[in-house]
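One structure below.
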């Protein structure tokens, strides 16, 4: 891929990605952020035009750029300083909010608007005006980068242009450090402070702004230091306006090929992508995208995407639950009711799992190993100890289930009754009752139920009547 196509493609994508954050901050009236994004948009657009015109081998014979380059070189000077000023203004506002030592002006108040405009635009506009004094030529044209400032290599260039980038980047770094200190000091009250100061920020928005400012400072501060040092190394001679603005060379358009794009293009692209990643992917921005798509009758796209996400989510959750359940399944070696369970044992899977005859194919067997006779005697003792238990069982709606809860009074953990009694109680208190239950349930274990109780009571009444009869 050539430099031309790379620059045009990356800058065009940056312009598209900067549109949503610009719309959002315009809605929230965040003036420093609006100015910052505007600078980045302007620089990306100029990079697209310059790369499209002056990137080919015949760039020397292309348009000389009169009019266009006169404007662009001023915007370049303003953007290099204006980005640092806007970021510093954002951090200054965050510091003011966190300090909470005075009442904050309303976002729509002229005091707030004027202060933000002065901090963000005064220095860039001033340097844009003074840059005319520093120009040796009207402008120059570099391959790939297009219009470029050609400034006088004297001390006045350092004073009127280069040092301001470093100053504002340094001020921004200092305020960023102060914000971190105040944030740590008041970390427990930050949420309340943001709410009570009428700042229009919540904790998430505050964190995004702070992270963004730190990243931009980490980019701009080294860049400003590098530019300042490089400028100092080139300082020579004395400045005179007459020699700098010589009428014989002023209108000469210098065209040169640096061999590759100058690094400031990549800085603009990088910062543009950072703006989108931090401000363009938040919940507020996503809600704005949704609202916009529905306003242009494209809401069905969101609905399709939502259904797709929900479907995949359910599928992933199902797979996860299956994996978890397969790990937790284990066979109880003390289970004896093999008739009631299906064996899911396979040759490649061990241990096998006994499951009830149901769609779920899961069971939990709470019974513990014990002497069957002793367990049955204990069960018999507590089951028929008094009539209160029977009364409780009568009040329980068992519907058609054979397995009923069994409630006893005063049972302790020393009682060795089967824990499976919470779902079913196997009883064998008499051989006759056992045989009767076995015939009724066709080989299954006898389960105590109201039906069996009624049958027993009716049989007892019938036998007593026979005994009492003549």
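Cβ coordinates are placed from backbone N, Cα and C, and glycine is handled just like the others.
Feature annotations, reproduced from Swiss-Prot:
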type: REGION; residues: 300-470; note: region 'Hydrophilic'
type: REGION; residues: 440-470; note: region 'Disordered'
type: TOPO_DOM; residues: 1-5; note: topological domain 'Extracellular'
type: TOPO_DOM; residues: 24-29; note: topological domain 'Cytoplasmic'
type: TOPO_DOM; residues: 54-70; note: topological domain 'Extracellular'
type: TOPO_DOM; residues: 99-116; note: topological domain 'Cytoplasmic'
type: TOPO_DOM; residues: 135-155; note: topological domain 'Extracellular'
type: TOPO_DOM; residues: 184-205; note: topological domain 'Cytoplasmic'
type: TOPO_DOM; residues: 229-266; note: topological domain 'Extracellular'
type: TOPO_DOM; residues: 286-470; note: topological domain 'Cytoplasmic'
type: TRANSMEM; residues: 6-23; note: transmembrane segment
type: TRANSMEM; residues: 30-53; note: transmembrane segment
type: TRANSMEM; residues: 71-98; note: transmembrane segment
type: TRANSMEM; residues: 117-134; note: transmembrane segment
type: TRANSMEM; residues: 156-183; note: transmembrane segment
type: TRANSMEM; residues: 206-228; note: transmembrane segment
type: TRANSMEM; residues: 267-285; note: transmembrane segment
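For the transmembrane segment (117-134), the residues of the chain that approach it from at least six positions outside its boundaries are 31-32, 35-36, 73-75, 77-79, 81-82, 85-86, 88-89, 92, 149, 151-152, 156-157, 160-161, 164, 168, 241, 244, judged by C-beta separation under 8 angstroms. Counting same-chain residues at least six beyond the ends of the transmembrane segment (71-98), those with a Cβ under 8 angstroms from any Cβ of the stretch are 30-33, 35-36, 39-40, 42-43, 46, 50, 104, 116, 119-121, 123-125, 127-128, 131, 139, 146-149, 161, 164-165, 168-169, 171-172, 175-176, 178-179, 182-183, 186, 190, 193-194, 197, 199, 201, 206, 209-210, 212-213, 216-217, 220, 224, 264, 268, 271.
Only residues 6 or more beyond the boundaries of the topological domain 'Extracellular' (54-70), in the same chain, are considered here, and those with a CB under 8 A from a CB of the stretch are 2-4, 7, 138-139, 141-147, 253, 255, 257. Between the transmembrane segment (267-285) and the listed ranges 6-23, 30-53, 206-228, the one holding the most Cβ pairs under 8 Å is 6-23. As a summary of secondary structure, the topological domain 'Cytoplasmic' (99-116) carries 8 helix, 0 strand, 10 coil according to DSSP. For the topological domain 'Extracellular' (135-155), residue counts in helix, strand and coil come to 1 helix, 8 strand, 12 coil, using DSSP. In the predicted model, the topological domain 'Extracellular' (229-266) has a mean pLDDT of 82. Within the same chain, residues 51-52, 55-56, 144, 260-261 sit at least 6 positions outside the topological domain 'Extracellular' (1-5) and bring their C-beta atoms closer than 8 Å to a C-beta of that stretch.
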